[in-house]
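> Handing you a structure now.
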Amino acid sequence: MATKKSVSSLKETDLKGKRVFVRVDLNVPLDDNFNITDDTRIRAAVPTIKYLMDHGARVILCSHLGRPKGVTPKYSLKPLVPRLSELLGVEVKIANDCIGEEVEKLVAEIPGGGALLLENVRFHKEEEKNDPEFAKKLASLAEVYVNDAFGTAHRAHASTEGVAKYLKPAVAGFLMQKELDYLVGAVANPKKPFAAIVGGSKVSSKIGVIESLLEKVDFLFLGGGMIYTFYKAQGYSIGSSLVEEDKLDLATSLIEKAKVKGVKLLLPADVVVADKFAPDANSKVCIIVRLNYVHSLEYVHVNLLFSAIFLQVVPASEIADGWMGLDIGPDSIKTFSEALDTTKTIIWNGPMGVFEFEKFAAGTEAIAWKLAELSGKGVTTIIGGGDSVAAVEKAGLADKMSHISTGGGASLELLEGKPLPGVLALDDA
Ligand SMILES: Nc1ncnc2c1ncn2[C@@H]1O[C@H](COP(=O)(O)OP(=O)(O)O)[C@@H](O)[C@H]1O
Ligand SMILES: O=C(OP(=O)(O)O)[C@H](O)COP(=O)(O)O
């Protein structure tokens, strides 16, 4: 992986009485009434903040929320204060800005072991421009820089990258370290056999991650909307399923690459189809082609029992016109599960189907349950991606996995082998 892993740690840093600027990612979803609908990222930031407070540091918390263009009240961090205070067990104050005289005054008043939350750093356009003068102003608030904002580590912004040039020591927080340990460490030195499950909507958004993982894994399972591009590339009828016509050659070359690398690439054998992209779509199970491994088309298998009892059978190897695949089918779930049973490390990025619609959530849920079961048997299970994390949480299985990443884009870039600016900027260990 291109991102260095050995970044300097918080534990080797002198903290007592020091003003510590902590970049956290508190970019949590809020409903229309400004209630937090998922506080995972706040909870994930707590261990580092508590450690700093317990070691007598004066903690300055900095985060963005959303993508505001200038000062936008609906993106204020104020609604987060009660939950943050509750989790930390102290009353956290919030400033009206993140730089300026009033902020400096509030920073000077932070007692040892206390914390101040700065207002949304993206209210200043200089943040996303990584403006050096703005970074210097942020740096001038403190004596130590801690980056714990893994979810934003793929952004070279003033508070995630620029500030580390002017504020030393610049070290990783515990969340950042944990994410790197799993997403870099476990992937670089996996217990074998090592499997990757990649789903989600499009091949184009996952090319990098698939290519990178093909260098490392023993198994690659594909699901979600991207599979229809692979099917079309093999000449199958895909009805009105999602397809990227300009990626057909790429899909073929990825299959070829898997073959050359000796990676067992598994595509779903059967898919659940719908007559429209909607939660109330009519659905039936369409058994397409049973591929044991895609590079050795072994046999065609129609699951007659399942189909005869529950659902209408459509001809194997094709999805009829007017129908679209929105989930992997029961036979695929079984095949995937059996193959996963033989592995020791699994990384999962991207849902198997349109899990947001109840009717098409079964494949994603089944994979989530399988990974939860395998975690209990000592398999390392890593969920690295926004929607896959949402699916695992929806199934109530988050605490069963070895690691759930707090960064969608960041984990994807890391798995692609791209360097993360927020990590590179930190001091070497
Ligand atoms: N068969 C499918 N057809 C269309 N969209 C799909 C299909 N399967 C999954 N999706 C959609 O893919 C989206 C997730 O894609 P993506 O953003 O790539 O995943 P992640 O956020 O995990 O990286 C989900 O919104 C899901 O509904
Ligand atoms: O939510 C985030 O990223 P994610 O949706 O890719 O997990 C981060 O807070 C980064 O936010 P950004 O994509 O607006 O820079």
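Quick reminder: no glycine exception, Cβ is built from N, Cα and C everywhere.
Note that TrEMBL annotation is computational and uncurated.
What you see is a predicted model, and the numbers here were worked out from it, not measured in a lab.
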> Which residue of E179, E356, E358, E365 does TrEMBL report at the same ATP site as K206, G385, G386, D387, S388?
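The one candidate that TrEMBL places in that ATP site: E356.
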> Let me spell it out: for each of the binding-site residues (R41, H64, R67, K206), count the other Cβ atoms within 10 Å of that residue's Cβ, using every protein chain shown. Which one has the most?
H64
> Those binding-site residues, D25, R122, G385: which ones have a Cβ sitting under 6 Å from ligand 2?
D25
> According to DSSP, folded down to helix, strand and coil, what is R67 (substrate binding site)?
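It is coil.
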> Neighbour count, 10 Å Cβ-Cβ cut-off, for G386 (ATP binding site): what number do you get?
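Its Cβ has 19 other Cβ atoms within 10 Å.
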> Near ligand 1, which of the binding-site residues L26, R41, H64, L65, R155, G385 have CB less than 6 Å from any of its atoms?
G385
